[in-house]
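Shown next, in structure tokens, is the structure this report addresses.
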């Protein structure tokens, strides 16, 4: 039976079962843990030279089904791709143009899916960014609260500080900073769905005198240095390589002298920012984050410094994000019946692959998560930061 498959597939030894449209099935190794159901004959040819993008696209379009644990399916599919995919198939990075209209459309595409859909698998505060696990067995809710606190501690946030939250999402960090640190917060987003629910939660907690959430593009931020601290969490991935300098200049102009800026976001493995993961990056660009671009740590750090800010602290949270994504993926998999009632089948397929696939990508080191803390020095070059980092952990 195995002889009916193309030679490239016959020679593989993977814990994978191929089940064909005609009922035939083939085990590519002992004790298969994952089954790929190929529903169309022409897909067999693609499987002899597959990329993660091709496999993902076939699943999203319903031409291929995955049976078994979704995380294990991602791993086995990557092993299949690794065995048959060549370096020549990799494409050079494509630089994207970004303007207010296209960025707003991209944000709406990703974040305006359904508040109820996000609530199924996010934590209670709906923090859609990397959590911070002080202990590996902490719950997602606890880890997200600890992330908020970790950011506020790094920013040395004090009572009465005016904090700018760029890409505030549903306002979880803004409300935490106001509630726990007595800060005044101005949060901006481009998502109308996020803004609506975020404002409802601000009102429900009685924080309307401290938290102001608005629709505003970062390019339109006031440049009079009115903010004591600036935080940007999971937002700069949407900025694009071409606009990194402008983005950092806007943060510089928004914060006062002596103030602090925190940039928390996903970074690329390669210095030139090219996609990794044998087509995984292309899948995300096509279906999940249109126009998204991940810069390397060196690229965003250089842009921060060129804008006039001084980088004073950098921390990698790569494995924290892998664990966060595992929580999200598991939560979604446990709520598939509810999710199917909230979003179209194609959307649900995209998100199942995206969450499990990103968890795998962070584990493999294809992408990273860095928190970069910077200060805007006074005119004479000094600043007020402590001589050590010890205060952040007291």
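Glycine is treated like the rest: Cβ placed from N, Cα and C.
Using a 10 Å Cβ-Cβ cutoff, residue 193 (S-adenosyl-L-methionine binding site) registers 17 neighbours. Residues or ranges marked as S-adenosyl-L-methionine binding site by Swiss-Prot on the basis of similarity to another entry: 128-129, 163-171, 189-194.
Mapped onto three states, the DSSP output places residue 358 (active site) in helix. Sequence-distant neighbours of residue 358 (active site) (same chain, 6+ apart, CB under 8 A from its CB) are 284, 321, 325, 367. The active site annotation in Swiss-Prot covers 358 and is backed by similarity to another entry.
Compared over the binding-site residues 128, 170, the count of CB atoms lying within 10 A of a residue's CB peaks at 170. Contacts of residue 164 (S-adenosyl-L-methionine binding site) defined by a Cβ separation under 8 A and a same-chain sequence distance of 6+ are given as 185, 186, 187, 188, 221, 227, 229, 230, 231, 254, 255, in order along the sequence. Under the three-state DSSP scheme, residue 193 (S-adenosyl-L-methionine binding site) falls in the helix class.
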